[in-house]
Amino acid sequence: LFAIFAFATCGGYSGGLRLSVDCANKSESDLNIDIDFAYPFRLHQVNFDVPTCEGKRRETLSLIGDFSSSAEFFVTIAVFAFLYSLAATVVYIFFQNKYRENNRGPLIDFIVTVVFSFLWLVSSSAWAKGLSDVKVATDPDEVLQLMSACKQQSNKCLPVRSPVMSSLNTSVVFGYLNFILWAGNIWFVFKETGWHSSGQRHPPDTMEKQSSSYNQGGYNQDSYGPAGGYNQPGSYSQVGEYGQSQSYGQSGPTSFTNQI
């Protein structure tokens with residue numbers, strides 16, 4: 001969802017500004033000069049006609065700058081992040097057993113998450129700088145300075161409407177939110193790998209030592225077997241000091257037998 005908001009607010013943008021040129025000769029004025037631009041912000045290809053206030057002659061101008069590289073990079077990362085998130089969700093839900101069969105699946109997931117975290121940071125920073133340049137290039141006051149008619153004090157050039165950049169500002173915010181989201185997810189993906197579980201396991205030697213010391217402590221299930229255990233109900237046998245086996249009933253010793 002965060003990736004969708006990121007590329008939708010940037011890739012689907014279209015805006016414009018409106019200028020007014022009031023010439024000394026009113027018949028030559030143009031009070032509604034509309035300049036429209038959109039993603040991918042190749043502003044140098046945006047042309048518009050303005051009056052020169054010298055008769056009926058008009059001049060064709062264009063905005064300054066090409067900011068398509070940072071914008072397209074940002075949108076590309078957002079689209080691929082969305083596709084990978086969608087594929088990972090399908091694997092988590094329907095192929096969980098195959099995902100946990102070996103360490104390859106979690107390891108690939110961990111590496112991709114780290115890479116996307118880095119790319120989100122780079123693309124968001126690049127697009128933030130590109131958006132700042134777009135705002136400058138589309139500032140009505142800056143565009144008015146490109147017109148020859150506005151260099152004459154007898155003519156009045158005024159900005160009528162400035163472009164609305166709220167959705168583009170939102171795209172930058174979602175870019176950094178995606179970076180925080182993916183970077184925070186690194187820890188949870190790392191726990192799925194064998195690196196995290198192997199660090200918490202006890203060494204085999206330690207487990208063997210604990211097992212051997214536990215057996216030597218006297219608790220041995222074989223000691224309650226047929227040879228030295230409870231042979232008959234109500235009686236039990238005990239090996240004497242001189243190799244004699246003594247049997248005791250409920251009321252005391254009943255017989256003594258010599259062992260060979």
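Each Cβ is built from the backbone N, Cα and C atoms, and glycine gets one as well.
Features reported for this protein in TrEMBL:
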- 209-223: compositional bias 'Polar residues' (COMPBIAS)
- 232-260: compositional bias 'Polar residues' (COMPBIAS)
- 1-194: domain 'MARVEL' (DOMAIN)
- 199-260: region 'Disordered' (REGION)
- 73-95: transmembrane segment (TRANSMEM)
- 107-128: transmembrane segment (TRANSMEM)
- 173-190: transmembrane segment (TRANSMEM)
Residue numbers, six or more beyond the limits of the transmembrane segment (173-190), whose CB comes under 8 Å of its CB atoms: 2-3, 5-6, 9, 74, 78, 81, 106, 109-110, 113-114, 116-117, 120-121, 123-124, 127-128, 196
For the transmembrane segment (107-128), distant same-chain residues with Cβ under 8 A (at least six beyond the ends): 10, 70-71, 73-74, 76-78, 80-81, 84, 88, 171-172, 175-176, 178-179, 182-183, 185-186, 189-190, 192-194
PLDDT averaged over the residues of the domain 'MARVEL' (1-194): 90
